[in-house]
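Annotated in Swiss-Prot:
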- T188: active site, nucleophile (ACT_SITE)
- T151, K177, T188, E275, N398, S403: substrate binding site (BINDING)
Amino acid sequence: MPFPTIPPIAGVEIATGRAGFYKHEREDLLLMRFAEGTSAAGVFTRHGVGSAPVDWCKRQLAATGGADVRALVVNAGCANSFTGKPGADAVRRVATAVGKRFDCRQRDVMMASTGVIGVILDDSKITARLPEVESRLKADAWAEAGRAIMTTDTFPKGAYATAVIDGHEVKIAGIAKGSGMIAPDMATMLAFVATDAAIAPAALQTLVSLYTRTTFNCVTVDGDRSTNDTLLLFATGQSGAPKIHRAGDKRLADFREKLEGVLLDLALQLVKDGEGATKFVKITVNGAESPASARKIARTIAESPLVKTAFAGEDANWGRIVMAVGRADEPVAREKISVKFGDLYAARDGLISAEYDEAKMSAYVKNQAFEVSVDVGVGRGSATVWTCDLTKQYVAINGDYRS
């Protein structure tokens with residue numbers, strides 16, 4: 001999938017380098033420097049074994065209110081999760097080193113890590129490369145940044161849009177990584193978005209929390225939630241547009257729409273790059289008791305190994321979908337349930353459809369991308385989740401991950 005053309009974002013400088021967290025030669029370190037006065041907001045994993053960098057970011061954003069964040073450091077190859085005090089100390093030392101170089105407080109430095117869980121971060125690999133990486137900071141290195149944070153990803157993921165705030169054009173750009181262990185709750189894998197708009201931290205936090213629910217929280221690859229899920233949004237205020245203090249400000253209408261679009265673009269790229277994936281599937285549930293109920297049913301379908309292996313085998317096995325609907329433990333009206341593949345009814349009013357055509361169903365699911373919709377017949381709640389299939393290649397990738 002081609003990486004989009006992303007122009008410089010005023011107030012953002014980017015550089016990458018090789019810290020040596022991988023046995024083979026590749027760039028695995030990302031450094032971003034932000035202009036003074038940059039606002040930041042984030043959402044993070046609610047995993048019970050959150051990583052040291054997640055703890056650090058949450059603590060610093062709470063302490064500063066997201067005001068004047070100056071830097072972001074990201075490493076790939078070591079998650080620094082389940083590493084106790086040594087892992088936390090490693091993050092602090094990196095933040096201190098970056099703070100000294102950028103003449104800012106350590107609390108103004110955000111950090112994220114991805115890779116193998118249980119290995120303590122060797123922070124000396126990062127601090128030793130800081131002078132070299134800092135010397136290469138430039139405004140147009142978004143593609144390099146996307147590649148540096150990859151783990152099992154097969155392509156770098158980026159998105160870009162422009163919006164208008166009170167007559168001023170502003171830019172929004174982002175990168176993300178993730179291919180497996182994707183079933184986010186409050187965030188997803190790693191994603192970093194920057195804008196040159198001027199938005200107060202509290203408003204920025206409201207926006208990122210709101211649109212995470214409709215984007216990153218609606219995708220799944222394998223049902224496993226990561227220990228390191230992090231989404232950070234930075235606003236440099238360098239566009240010349242007036243500063244916005246409320247998320248509901250009418251002047252933000254276009255920006256809100258474009259921000260949600262960038263986040264959804266990144267989230268869907270994660271699914272399309274799901275480990276071993278050959279299918280991209282949109283699952284919509286209608287007629288549920290509430291949107292939350294619909295979302296739970298849709299996620300249960302999307303994460304069912306039996307459903308996902310049927311997708312891989314290009315088998316329109318609608319019985320497995322009905323099984324997953326019932327397993328969600330949400331209110332449904334059995335005698336009203338319908339299942340469609342695209343426009344083709346597999347089941348209707350609780351029975352196999354009179355229009356059911358096995359040949360047409362089989363032909364439809366041979367497409368690389370297709371849609372499944374379910375109506376559970378109890379209310380007006382609806383939700384959409386995007387997923388992929390589960391293939392032998394997924395097993396091979398994860399079986400060989402450390403070896």
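Backbone N, Cα and C define each Cβ position, glycine as well.
A map of Swiss-Prot features onto the structure.
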residue: T151; record: substrate binding site; Cβ within 10 Å: 20
residue: K177; record: substrate binding site; Cβ within 10 Å: 29
residue: E275; record: substrate binding site; Cβ within 10 Å: 24
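E275 (substrate binding site) falls outside any helix or strand according to DSSP and counts as coil.
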